[in-house]
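A.B. asks: Please see the structure below; I have some questions.
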Amino acid sequence: MPRENQKRGRRAAEKAEKDAAKRKREEVPEDSLPKRLKPSTDESTEINQGADYIPFDENYNENYDGNYDENQADAPAGDMPFYGLLDPEEQEYFSRANEVLELNQFQDAEERRIFIDSVYKEANGKELKIACSQGCSRLMEKLISMSDMRQIHRLFNKFIGHFMNLVQHRFASHCCETLFINAAPGVTQKVSKSKSDKMDVDEEEGEEPEPELSLAEMFIKVVEELEGNWGYLLTERFASHTIRVLLLVLAGEPVDVSANDSVVASRKKEKLGLPQGETQDGDVSAQKRSVPDVFEATLKKIMKDIVSVLDDTYLRALATHPVGNPVLQVLVSLELSHFGKSSAKDPNSITRRLIPDESFEEGSETTTFVRGLLYDPVGSRLLETIVRCMPGKAFKGLYKNFIRDQITSLARNITAGYVVLRVLERLGKDDLQNALERIVPQVPSLLERSRMVVPKVLIERCLVRGVDTAPLARALEEAYDKDPARRLEQILRLESTTQEDLEESEQKPKGANAAPSQSSTGEKLHGSLLAQTMLTAPGPISGLIYSSLLAQSSESLVKIAKDPTASRVLQQALTVPTSSAQFRRQFAPRFTSHLKELALDSSGSHVVDALWPATKDIFFIKERMAQELTQHEMALRDSFVGRAVWRNWAMDLYKRRRGEWAMKAKGIDNNNGSGERPKSRIELARAKFAAKAEEDAKKGAQKGVTA
């Protein structure tokens, strides 16, 4: 007889018991108090009221079942209120709405607006449930990002009175953050009625009263709700990022979540809202805004309250706290840049309490604290902010007494090196020259350790300050292979990528994902950025890259062009001002007979686009490339990136009106927008001679009159 299919062993039995307990928890309503449950298969086990409460554990489920207690005032002070669960039908509707917004297949903006209005009507009275729902909170974020100011105003009013709980919630905190960012531009605006409200004002009169408070007053209400809890919220896992946004909104500073150096949110944060290419009011979140005067007074009070409840020891401990450090960065940057660097002289200011001694003498308390931040992965980010924003006098003391003598060893360190970059950005010409002389001997070892960002920033600052880059060019040449072709492979990490691919294909088991390692991807990115920066420097530094590009074969160039990271170097080499006509005359023909392959590739198509401006003064090469593209018209039209290349090269104009295309290819039709042919050298000389003759004639006439 066939044996019953059973899993044996202690682990299988424990897993079966856990699954059974999980099913029972889903079927039976739990207590509405959000306590941390101990893993147990015994249903009779209960947690005592005196047990330690650890909020927002990783395994904590916000959407627990239970009845919503209307009288929240009688609830214990430390409890998180439960706003209820969505019905299965409601969850299904909002999930479908989320999918529709994600696909974004609306015919126009008006159709999307009507759909958003219908979702808001369905969500009326359920806003808090949706914000706290694991499955539907993303829909709330999308709705807020796509809403007009009137809808944001109404939603903000629904959240008033609940912000203390919402900002600490795993999912609702992100909705609060999105709400603050999108409501910020409206603090100085009068909310006008939208089209849908004007159309439905007769049919649905009195459906929902307009909020009495303005958006500015609502922000003040939020601050009043959170008042007295700042010290706790700074290090609260979910509330801290919302507090950062609130502080920046009150200051009128840009709140750009997408920026790489943003302290508002992690780089891994999911980008929700309008599709790419569509923005509301020109991406106002990344711009500075004017705010009411009451905001500045409120911000000062918040910062004063935060500092007053923290002693110096705890304040310095925040500098290395993973959650508290970003908030401290915002506070320091606002104190030094928004309120002026003179505010740092106040003995009770955050900067002064962190760094009481501006002389940075060896052995002092300040020096010990700064040295600890230098080598700490979290604390170094705060030190970067301090270096970027601190007053000039304090920066000079920091550089001369602490960093200058050890800048070489600091640049070699993977953590302290980023602080060195911020220091280099503030140095004057003489100090930068001195720092360059100290760092240049270490360039080969830096490149060997893949610390390519230090030479990159050195090149950029030398160009800005007018410092000679010849010593740096010699150091870069010595660091890489003498063979120009091999040099480019080493800079872009092409050879290491090929070896890794071969090893992975041999060693990886079948079915494993062939994802590149994060370290190799980062090295390739930094190598590409270094090469692009080298191309912007006139002289021997850019010559290292140009000679390497000319030494590559056509097959190698095609491989580089199809690499998403390395292809940027080719685009830069074709369009940067240091690219000479002689180089482009030799380099551009290397891509002929490969244009179809490149035009159909997502990365290579950008290189083909860059060939259009690069061949402006070598028309015969551009015409040869256009003929090659014409031969593969159907293949290009069947591809999304191919159609973009066809359009950017104006190939329809090439086929129908060859003469107009030739004028456009030579840049004639873009001459001051007049459509006139640019004058040749002989014509310019004639015009200059005629102007001089006319000027001499006028002078002769004036002399005759005076005589």
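Just so it is clear, glycine is given a Cβ too, placed from its N, Cα and C backbone atoms.
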A.B. asks: Look up region 'Disordered' in Swiss-Prot and report which of 268-287, 348-367, 668-687 it refers to.
C.D. replies: 268-287
A.B. asks: I'd like to know the mean pLDDT over the repeat 'Pumilio 4' (401-437).
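C.D. replies: Within the repeat 'Pumilio 4' (401-437), the model's average pLDDT equals 93.
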A.B. asks: Give the residue counts of the repeat 'Pumilio 3' (365-400) per reduced DSSP state, in the order helix, strand, coil.
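C.D. replies: Breakdown, helix to coil: 30 helix, 0 strand, 6 coil.
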